[in-house]
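K.L.:
Following this message is one structure expressed as C-alpha cells.
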Amino acid sequence: MSNNSTTSTVSSYIPALSDPLFQITTVIAVLFFTILIAKGITIYLQRSLKDKMDKEHLNILIKSIYYGSIVIAVVGVIFPYLQINTSGLLVAGGVVGIVLGFASQSIMGNLISGIFLMVERPIKIGDQVNIDNKLGYVEDIKIISTIIRTYDGLFIRLPNETVFTTSITNYVANLTRRFEYVVGIRYNDDADEAIKIIKDIIDWEPFALVNPGPSIFVDTLGDNAVNIIVRIWAPATQWYDMKTRLLWIIKKTLEENGIEIAFPQRTIWFASELNTRKMSDISETGYDEQ
C-alpha cells in the first residue's frame, strides 16, 4: 500500500517519467552527450599525443576510450534508467570477468603507465638511460613496453609499469654533463705546475665548456700522493668520448714535463741490520750462503 502511494505521488509530480517518448528522448540525449564528450576527449588526446605516440598505438588508445565511454554510459546509466535487469548479464560475465581480470591486470597497468610515460616524457627515443639497472639507449617506447638497446647491442623489453615505477637515470636529458678525475702526483712534484698544465690541456679541448668552466684544485694529501681534483663540463653527447680521451693526454703531458703519477709505495725499517747479497752472486755459486 505504501509503495503504491509513493509511486502515484512521484507520478503525479513528474508524469513525464512514465512517458515512453520522454524515455526515448532521454536515452538519445544521454547517448548524444556521451558521444560528444568521448569525441572531445579523443580529439584532445589525438592532438596532444600525436608527437609522443606512434599512429597505430594512438588509434588503439583513442578507440578504446571512445567505445569504452559509450559502453559505460549504456550499462551504467541507460540500462538502470530503463529499468533493464542486468543482474543476469553481470552474473554471466562475472566468471569471465574474473578470469580476464587477472590476465589483463598487468596489461592495463602497463597500458596506463605507457600513457603517463608518453605524456610526462621522462625519456625519449635515442636517450642514454639507466632503467632498473639496464643501461643503454631507448630504442622504442610502445604503449605496453619500452625497448632498451644495451651498449653490447642487446635488446631488452621492459614493461611500462616497471619503467614508470622505477628510478630512471637519463644521461642526456640535460644538454651538459660534468665528469671528474682524481690525479695523484708525487709529493716532491710541483702541484701548481701540474694544475697549470692540466688547465692548458683543457683550454685546448674544443668540447670543454667555458661556462660552466673547469675546476682544478688540490683536494687531499694522501698516503702516497697529492690528489688533484679535475672537474670538466662537456656537451652531453660528447662527455664520454672526451672523458676517456683527456685522461690519457693529461697523464702523458704531465710525465713529459717531469711530473709523475704517484703509485703506492712502502718504506720498511728493520730493527737490526740485514745481511744481503746480490742475485748475481747467488747465481754464480748456485746456492745462498747464510
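Note: Cβ is positioned from N, Cα and C throughout, glycine not excepted.
Values in this document were obtained by computation on a predicted structure and should not be read as measured data.
According to TrEMBL, the protein has these features:
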| type | residues | note |
| --- | --- | --- |
| DOMAIN | 65-105 | domain 'Mechanosensitive ion channel transmembrane helices 2/3' |
| DOMAIN | 107-172 | domain 'Mechanosensitive ion channel MscS' |
| DOMAIN | 180-261 | domain 'Mechanosensitive ion channel MscS C-terminal' |
| TRANSMEM | 20-45 | transmembrane segment |
| TRANSMEM | 65-84 | transmembrane segment |
| TRANSMEM | 90-119 | transmembrane segment |
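Give me the local environment of each listed feature.
P.N.:
Across the domain 'Mechanosensitive ion channel MscS' (107-172), DSSP helix (H, G, I), strand (E, B) and coil residues number 20 helix, 26 strand, 20 coil.
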K.L.:
What does the DSSP secondary structure composition of the domain 'Mechanosensitive ion channel MscS C-terminal' (180-261) look like, as residue counts for helix, strand and coil?
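P.N.:
For that range the per-state counts are 32 helix, 24 strand, 26 coil.
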